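Chemist: Residues or ranges marked as active site, proton donor in TrEMBL: E203. The annotation active site, proton acceptor is assigned in TrEMBL to K333. TrEMBL lists H150, E160, E281, D308, S360, H361, R362, S363, K383 with the feature substrate binding site. The (2R)-2-phosphoglycerate binding site annotation in TrEMBL covers Q159, K333, R362, S363, K383. Taken from TrEMBL, the feature Mg(2+) binding site covers D239, E281, D308. The domain 'Enolase N-terminal' feature in TrEMBL is assigned to 5-127. The domain 'Enolase C-terminal TIM barrel' annotation in TrEMBL covers 134-411.
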Amino acid sequence: MSTLINDIKLRKIINSRGEETVEVEVYLSSGSVGRFSAPSGASVGKYEAKALPDGGVDEGIKYVEDEVKPKLIGNDALNQRKLDQLLKEVDGTENFSKMGGNFSISLSIAFAKAVAEETDKPFYEHLSDEIGYNPLLPLPLGNIIEGGEHAGEGATEIQEFLTLPLDPDSVKEAVLANARVHQEAGKILSERKRDFSGGKGDEGGWVAPLNTEEALNVLEKAKNRVENRFNLNIGIGLDLAASEMWDGSVYRYRRDLDKREKDQIDFIESLTQEYDLKYIEDPLDQDAFDGFSDLNSELGNSTLICGDDLFTTNKTRIKKGIKNKSANSILIKPNQIGTLTGTVEAIEMGKENNYKLVVSHRSGETSDNSISHIGVACTEVIKTGAVGGERVSKLNELIRIEEKTNIEVSNLRC
Ligand SMILES: O=C(O)[C@@H](CO)OP(=O)(O)O
Ligand SMILES: [Mg+2]
């Protein structure tokens, strides 16, 4: 076995929005190879790593070829922590703005996947051996109706209307359930709206001219049909991506009234009562730690209150959230923090404080399925859409892992 880094290849590819991104391959001297390609967000938190340098993918490739690669060749890929530290030091900025967080995360995950291949383990097994949690298949959050930054002006203001099977017998049953809710919602929308054209948003959710309650009614009807037909228990969730709605004094809605922070909190509490919401992501702006705490203390006993832009997978921000009791759940997006070590540190901090972890895709995805493996190794939930090639590449990987192993599916009895 030889885990010395022998070569690194970088190539420009496109993501699901047709935007340029990077794919990295790390070759070990044994011949084993690890590959990762980075996704990009549309609703980007202001505290995330900068995805690409100002000059885009071409500048990133040149920078990594000239400045980073020579320092990596010859190192042992087993030293994940040391390599990730090296990436930070070479870049030298707080947010990977020189190299681009998409380059650093691609290198970082590709190191780990090369070692996994060399040690003959699936990536999830390599990770869980390193980190020490029992592998479990994460419950999938499916995107059914989509709006906000992921769709046009005519769509809902709220970014994601989601479903979460709560106690499925298998991950396969859960993946199929979300896909069926998506199909049923499509049928309901075609029946009730003449101005629904069948369009979808960046993550495959339906795009329709609905206000928040109308969208939730469609979602509820669709999920009830699937629950009854297949005897399942499916929760409803929202990602409000509220930083995108916040203009500094109010949350802007096109079809509902604009809301000050207190009104936004009341609105979410009343929606939670009416629709029994089980998952609420980014209900408030990314700096509203106190407003998050109010919501968490009201709803946190029976609903996951999840911080995405609030935390940006960053342990300093997560620490602040824990101190303030701002949430009970953390969204994990590896490219927000730029290294696998940073990702694992965020996860560990969450686990130590009994937070639920949700590993997540980005709206501009590639067909890479590494986040499925991160989910199996260390998160209870995975958010990666319900349909669409770049989404199902991750969901189908979970089905494959389930079939090949006796790993059980997570269970959120809430
Ligand atoms: O807000 C989010 O949670 C994500 C993924 O759904 O969107 P984006 O990748 O555009 O940030
Ligand atoms: Mg989000």
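For all residues, glycine too, the Cβ spot is worked out from N, Cα and C.
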Chemist: Taking ligand 1 as the reference, state which of the recorded positions D239, D308, K333, R362, S363 have a Cβ closer than 6 Å to one of its atoms.
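Modeler: So the answer is D239, D308, R362, S363.
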Chemist: Considering the recorded positions K333, R362, K383, which residue's Cβ sits among the greatest number of other Cβ atoms within 10 Å?
Modeler: K383
Chemist: Quick test of your reading of the structure: among the recorded positions E281, K333, S363, whose CB sits under 6 A from ligand 2?
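Modeler: Among the recorded positions listed, those whose Cβ sits under 6 Å from ligand 2 are E281.
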Chemist: Could you name the residues, excluding Q159, K333, R362, S363, K383, of the same chain that surround the (2R)-2-phosphoglycerate site, i.e. Cβ within 8 Å of the Cβ centre of those residues, in sequence order?
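Modeler: The answer, listed by sequence position, is G41, S43, E160, E203, D239, D308, S360, H361.
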Chemist: In sequence order, which same-chain residues at least six apart have a C-beta under 8 angstroms from D308 (Mg(2+) binding site)?
Modeler: G45, D239, A241, E281, D282, L331, K333, S360
Chemist: Round to a whole number and give the Cα-to-Cα distance in Å for the pair the residue listed as 'active site, proton donor' and R362 (substrate binding site).
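Modeler: With the alpha carbons as reference points, the distance is 8 Å.
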Chemist: I'd like the per-state residue tally for the domain 'Enolase N-terminal' (5-127) from DSSP, helix first, then strand, then coil.
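Modeler: Breakdown, helix to coil: 52 helix, 26 strand, 45 coil.
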Chemist: Report, as a single number, how many Cβ atoms besides its own are within 10 Å of the Cβ of Q159 ((2R)-2-phosphoglycerate binding site).
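Modeler: By my count, 31.
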Chemist: Which residues of the same chain, at least 6 positions away in sequence, have a Cβ lying under 8 Å from the Cβ of S363 ((2R)-2-phosphoglycerate binding site)?
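Modeler: Looking at Cβ-Cβ distances below 8 Å from S363 ((2R)-2-phosphoglycerate binding site), excluding near sequence neighbours, one finds R17, P39, S40, G41, A42, S43, E149, H150, G201, D202, E203.
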Chemist: Looking at the domain 'Enolase C-terminal TIM barrel' (134-411) alone, can you tell me the average pLDDT?
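Modeler: So the average pLDDT across the domain 'Enolase C-terminal TIM barrel' (134-411) works out to 97.
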Chemist: Any idea what DSSP makes of D308 (Mg(2+) binding site), helix, strand or coil?
Modeler: coil
Chemist: Tell me, by DSSP, whether H150 (substrate binding site) is helix, strand or coil?
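Modeler: In the DSSP reduction, H150 (substrate binding site) maps to helix.
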